[in-house]
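Remarks on the structure that follows.
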Amino acid sequence: MEKVQQTIRAPRGTELQTKGWVQEAALRMLMNNLDPEVAEKPEELVVYGGIGRAARNWESYQAIVDSLKTLESDETLLVQSGKPVAIFKSHEDAPRVLLANSNLVPKWANWDHFRELEKKGLMMYGQMTAGSWIYIGTQGILQGTYETFGEAARQHFGGSLKGTLTLTAGLGGMGGAQPLAVTMNGGVVIAIDVDKRSIDRRIEKRYCDMYTESLEEALAVANEYKEKKEPISIGLLGNAAEILPELVKRNITPDLVTDQTSAHDPLNGYIPVGYTLEEAAKLREEDPERYVQLSKESMTKHVEAMLAMQEKGAITFDYGNNIRQVAFDEGLKNAFDFPGFVPAFIRPLFCEGKGPFRWVALSGDPEDIYKTDEVILREFADNEHLCNWIRMARQQVEFQGLPSRICWLGYGERAKFGRIINEMVANGELSAPIVIGRDHLDCGSVASPNRETEAMKDGSDAVADWPILNALINSVNGASWVSVHHGGGVGMGYSLHAGMVIVADGTEAAAKRIERVLTSDPGMGVVRHVDAGYDLAVETAKEKGVNIPMMK
């Protein structure tokens, strides 16, 4: 991949570079994904998650930008794995962009085949929100991480992580949310990463409190704050596959153990034991097969240590990076003895159509986001947990790129909020349109048997019809852009997922699209979980009037 050193930053304000606000939104969000404040390696078009890219190569990026600038309001741009391939006449209520990223026929859906195609320039890895142009930096996963640790606290520690120690690893774009999510729940956390730049970045953005290269110092500080029952987050430089076994050897058992290293990609995401970043980069180039094997061996040691900590009483869970699967394939037959985070903590939220709803101020003015915060506090005042989140986010979350906010809203709530936002744009309370989107990690938009759909009640973990139906209904209902991806989060062969974005530009047409899309999108989550036999989803569907023909 050619590296290009240029600073990309989304335009701000109300002057259009395109022929309409929906096209403008797509352009600004593509560029925002590559803002140095947002992207992990913008010079390589990498947004987050190992090699999750916004466009296939620099030529394709420029062609997408040029296409968006000339795209009419009754045309649709088609993007195939980060490359613009067609513009067709459609209609004003159709999506302006349709994206399909990293999709492979199942028999060929593996990293080896993907890399062959990538080498030929025929495909890119879109992760989830990288290739669908709705990544907002680490805040994008923060509330989900906060909810996960909060639910762990409720189930195991009396409702708070005060006086507990969490041990985790991986401080990239996704994992970087962990330190702040733990301290927001009152706990102490040691978060390990092999890359000093990742730790520095989290400290700079106030997601992590301190840095150390010493395990002894990390443990001393952690114990001090644990005793005081005060929160602190410690970024520890090192390799988790070395540090966790060392802690097991010393008989040190944290209260909570998880992991968010980029284990989904053994070649580009994970660093084997005994290698510096530079040595790893050299081996990756010279002998990728050996690199992958060493990575897998290190991951197996990593999981063995997590299992040992679980046996000694640590609450241990997989945070969705497929590390258990790798260890299992390497011969560790009890790798799945600890659960994934969705069945352990998140699925009840999915049954209510809840998920990571996000919005972005195209104006670039933080005041627009603060005004929308007030809407949440006013309109959802009875949801104290949600309001607490908004208040904490205002105080502790630093914006990356265009100002944005995330919060988990459910069926009915998303459409209500979208309507209000559109009215605020229409009456001038907000200075420019707002982009509304979500992660692909949502209640009804993903099939991922080792993550979002792990241990489904009816055994339908691998059924991939649901994300396809989600993308189809969002497209016909008028989402501004819709994406279908493969391999996000857990790697090639292990997931299919869909994303949507809708623009609130203050028009009556947008209001109708928002009502349709923000009803059917979370509605798919309720439907999917009703179909799998979850009582809470059935209750939600009946209470909200979701029309499900065969629901009993």
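Every residue gets a Cβ built from N, Cα and C, even glycine.
Within 10 Å of the C-beta atom of Cys407 (active site) sit 22 other C-beta atoms, taking all shown protein chains into account. In this structure, Cys407 (active site) is part of a beta strand by DSSP. Sequence annotations record features per position, and here Swiss-Prot assigns active site to Cys407.
Neighbours of Gly173 (NAD(+) binding site), defined as other CB atoms within 10 A of its CB across all chains, total 28. Feature annotation from Swiss-Prot assigns NAD(+) binding site to 49-50, Gln127, 173-175, Asp193, 239-240, 260-264, 270-271, Tyr319, Gly489; the stated evidence is sequence analysis.
Gly173 (NAD(+) binding site) sits 18 Å from Cys407 (active site), taking the Cα positions as reference. Cα spacing between Gly49 (NAD(+) binding site) and Cys407 (active site): 21 Å, rounded to the nearest whole number. In this structure the C-alpha atoms belonging to Cys407 (active site) and Gln260 (NAD(+) binding site) are separated by 21 Å. Of all the binding-site residues given, namely Ala263, Ile271, the one with the smallest number of surrounding CB atoms inside 10 A is Ile271. The Cβ of Gln260 (NAD(+) binding site) lies under 8 Å from the Cβ of Thr168, Ala169, Gly170, Gly172, Met174, Gly175, Gln178, Tyr319, Gly320, Asn321, each on the same chain and at least six residues away in sequence.
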